[in-house]
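Worksheet for the structure shown next.
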Amino acid sequence: MENISDLWNSALKELEKKVSKPSYETWLKSTTAHNLKKDVLTITAPNEFARDWLESHYSELISETLYDLTGAKLAIRFIIPQSQAEEDIDLPSVKQKHAHDESNHLPQSMLNPKYTFDTFVIGSGNRFAHAASLAVAEAPAKAYNPLFIYGGVGLGKTHLMHAIGHYVIEHNPNAKVVYLSSEKFTNEFINSIRDNKAVDFRNKYRNVDVLLIDDIQFLAGKEQTQEEFFHTFNALHEESKQIVISSDRPPKEIPTLEDRLRSRFEWGLITDITPPDLETRIAILRKKAKAEGLDIPNEVMLYIANQIDSNIRELEGALIRVVAYSSLINKDMNADLAAEALKNIIPNSIPRIISISDIQKAVGGVYQVKLEDFKAKKRTKSVAFPRQIAMYLSRELTDSSLPKIGEEFGGRDHTTVIHAHEKISKLLKTDTQLQKHVEEVKDILK
């Protein structure tokens, strides 16, 4: 076969005969061939849940089918679009399409074909970020430069960045657009120093028209990489090239980020994305169902949208889980079936009531302090500091009064509790180790 896409399409036709229609529609139909390297065929699955299911339930069947077609024993590897964006694409059609990139020693733009402005669902939480992204795509380096988009995981930051890239290339096929994560930027920079190819690295990223860099917060604490990105930023900005940056937090909240970088990130426009509201979540589910060719009852979409309000990735994953569950037990989808399918991933609707004793036990576990020491008169730092953390969390996570908290810590005065709360609050603004420990305690208490 000339092209691995042809090979995979032939394999899909055979697989369609071997599995039930619901199974084929749910798991196999939306897969695509990514590349074939050293007898390993990489297949792209639409999401993590589908990838994991394919790996555990269909790898052997797929290998057998491919052997029947080719006579070769191929190993099968599954990836999702996000991880695909970090790899080199080997499809001949793609190589030919981007020949101009290779001639300039530039990386592939690595854009996910599913992440466009047309597939982006607009809601109150992302409307401004969408408008800003579209403005940048329509007039690179003229509207907002840089554009800094921040928000939680799975809310659409990466989608908007890819959409910008697609739009620019569609309207200017010769534009040099590069998307990468800050982690990849860091790794390539380190390798360039090791291999004495620093000049090649700089030329690679300072000669693009649009640079889309994801998860910039991972540059925190990496002084040399920040230095390199600072100069890359300057070179692109001075040449009026567009820079788009994403992060899980605004520039001012990224710890150990150099002030000069923080200042430059604030030169253009900073916009955030917040979790989608109910109407937007329903719209996202409808668009996902339509894209996957799934017929989902309204009551099921409403149930999922009401239960999953954290991010889009979990929302779409829940939908796929319900569809899979329905096909496996061979029952029609309804709200009751959705509840059964999602019972292990939906948080308990009754929030856990945290007690001061719970907090003392959790802090004691992290800091190796015995429960009785929280009430004792010991003032050694190894006990006193964890005790202050426990007082702080008791104030933050319970409804207990100051005197009540003091009483639970060996009858201490309420002013001691106030002092502990103020001290820990102040330290949390700068002490990353303390931040980590407090989050660890909170995770234990969940």
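Every residue, even glycine, has its Cβ placed from backbone N, Cα and C.
What Swiss-Prot records for this protein:
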- 1-81: region 'Domain I, interacts with DnaA modulators' (REGION)
- 81-109: region 'Domain II' (REGION)
- 110-326: region 'Domain III, AAA+ region' (REGION)
- G154, G156, K157, T158: ATP binding site (BINDING)
- 327-446: region 'Domain IV, binds dsDNA' (REGION)
Neighbour-count leader, CB within 10 A, binding-site residues: G154, G156: G156
Extra residues within 8 Å (Cβ to Cβ centroid of G154, G156, K157, T158), ATP: G151, V153, L155, H159, L160, S246, I273, N311, I312, R313
Neighbour tally for T158 (ATP binding site), based on other Cβ positions within 10 Å of its Cβ: 22
Three-state secondary structure, which DSSP defines for G156 (ATP binding site): coil
Residues satisfying Cβ distance under 8 Å from K157 (ATP binding site), sequence separation of at least 6: A129, I149, Y150, G151, D214, S246, I273
